[in-house]
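*Asks:* One structure, pasted below without further comment.
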Amino acid sequence: MTEKKYIVALDQGTTSSRAVVMDHDANIISVSQREFEQIYPKPGWVEHDPMEIWATQSSTLVEVLAKADISSDQIAAIGITNQRETTIVWEKETGKPIYNAIVWQCRRTAEICEHLKRDGLEDYIRSNTGLVIDPYFSGTKVKWILDHVEGSRERARRGELLFGTVDTWLIWKMTQGRVHVTDYTNASRTMLFNIHTLGWDDKMLEVLDIPREMLPEVRRSSEVYGQTNIGGKGGTRIPISGIAGDQQAALFGQLCVKEGMAKNTYGTGCFMLMNTGEKAVKSENGLLTTIACGPTGEVNYALEGAVFMAGASIQWLRDEMKLINDAYDSEYFATKVQNTNGVYVVPAFTGLGAPYWDPYARGAIFGLTRGVNANHIIRATLESIAYQTRDVLEAMQADSGIRLHALRVDGGAVANNFLMQFQSDILGTRVERPEVREVTALGAAYLAGLAVGFWQNLDELQEKAVIEREFRPGIETTERNYRYAGWKKAVKRAMAWEKHDE
């Protein structure tokens, strides 16, 4: 029998599908990535084609093995991590989606959310699901699809339609429709799941009129869910044995499995999570209470703050504003000036996430004077990512009562040394950048490997968490507070912009 030497992590993100092969020492052997189309039918609406998600993800799996020149029978297990909240409804018989995937960033369900608020459900939802009422989460998206695709609610009741987040969709496709599951971390993002009883919440299903028949079974983040054939029928059968939403996977990949440990991921958005152990801390400061993974993939809780626009604001500088040619340019131009010349950019293109939760905020640039040039705006856009992170960290420390001593960071933007240094400056906290940047994939690989005994426990993995560089604060407290006060003022003015004046 061939020795099982590798784990594959599938990392299905918002803009691309990736596959990563890792060996027993958690070294990355090969990576394959394919981008797919972002669909914007109306302002504020965002969709993906679920078949394209599947096509890009399945082709990266084949590609990554070919690139590494390894055969599928050397793979011990597959772990899956995914963009969370994105919602897919498909036909059980044919496997065909009845509508495009409604993406986490999509704001089309703002009105449904207003109704939930008017019906006085905020406290119930916060207490039982850990979430705030916002279009971000899957529940209102499922309702929207069932409301708008004729006959779909009746079909769902008859058991003809299935709902899933992206992890569920991928596993369903990989197992030829044999397995309809999700894990606790993804379920905790739907607004349909009770994070205390660890079951689907009857009241939420009733309120949103979502038939229970269409929901997946919820399982631990580290166990064998089913097998997939690589290379079609008769190919090698490989266990799929790890699932976690991207942010929880990154938390696990950073080995933040003890209470009080935190990480910030700088991707399309920014996501900060702090592990709170076995205690679900209810936030009084606009954060989410969510499910994370303990040392063996069991249920832990975490506080989470989501910033919607991080890397996406750099893409805006590149694609819409044409101020830079690629993301790497942003650091070069930002360091061409000493400061932002009084400019603040509030990148609230799709509203504001934690701790404000204002779907009606819109992007704005404040403090423009005649001397402001493109470099100042580029620098201010980068700084906005760090300011938003501080907003979240302040809320997190207030809720948890824990003063953070170091923030572990990951995601594409951490390669930007200017941003990481400014992040440390504005937080007044050490920022630790790990050597392995692929921590989301790492988390999925760890969860999958632990389930099949590829690794015995997390102690084996501790020495792999090498910090490549540590950034320390380099500005005075008064300067830090002065700059942050300017940011708060700018945010205040960008809020409620889209609300029509009565």
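A Cβ is built for glycine as well, from the same backbone N, Cα and C atoms used for every other residue.
Among the features that Swiss-Prot reports, ATP binding site is placed at T14, T15, S16, T268, G311, Q315, G412. Residues annotated as sn-glycerol 3-phosphate binding site in Swiss-Prot: T14, R84, E85, Y136, D246. The ADP binding site annotation in Swiss-Prot covers T14, R18, T268, G311, G412, N416. Taken from Swiss-Prot, the feature glycerol binding site covers R84, E85, Y136, D246, Q247.
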*Asks:* Any idea what the Cα distance is from Y136 (sn-glycerol 3-phosphate binding site) over to G311 (ATP binding site), rounded to a whole Å?
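*Replies:* That comes out at 18 Å between the alpha carbons.
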*Asks:* How many angstrom lie between the most widely spaced Cα atoms of the sn-glycerol 3-phosphate binders T14, R84, E85, Y136, D246?
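*Replies:* The widest Cα-Cα gap among those binding residues is 15 Å.
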*Asks:* For the recorded ATP site, whose residues are T14, T15, S16, T268, G311, Q315, G412, find every other residue on that chain with a C-beta no more than 8 angstroms from the centre of their C-beta atoms, and list them by sequence position.
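*Replies:* Those within range, site residues removed, are G13, G267, A312.
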*Asks:* Cβ within 8 angstroms of the Cβ centroid of R84, E85, Y136, D246, Q247: which residues besides those meet this for the glycerol site?
*Replies:* Q83, T86, W104, R189, G245, F271, A306
*Asks:* For R84 (sn-glycerol 3-phosphate binding site), list the number of other Cβ atoms lying within 10 Å of its Cβ atom.
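*Replies:* Within a 10 Å radius of the Cβ of R84 (sn-glycerol 3-phosphate binding site) lie 27 other Cβ atoms.
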*Asks:* For T268 (ATP binding site), what residues in its own chain, 6 or more apart in sequence, show a Cβ-Cβ distance under 8 Å?
*Replies:* G13, T14, T15, Q105, A310, G311, A312
*Asks:* Just to confirm: which same-chain residues, 6+ apart in sequence, have a Cβ under 8 Å from the Cβ of D246 (sn-glycerol 3-phosphate binding site)?
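*Replies:* Counting only residues 6 or more apart in sequence, the Cβ neighbours of D246 (sn-glycerol 3-phosphate binding site) under 8 Å are D11, G13, T81, N82, Q83, R84, T265, G267, F271, T440.
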*Asks:* Select the most exposed residue of S16, Q247, where exposure means the fewest other Cβ atoms within 10 Å, treating these as the binding-site residues.
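*Replies:* Counting other Cβ atoms within 10 Å of each of the binding-site residues S16, Q247 gives the minimum at S16.
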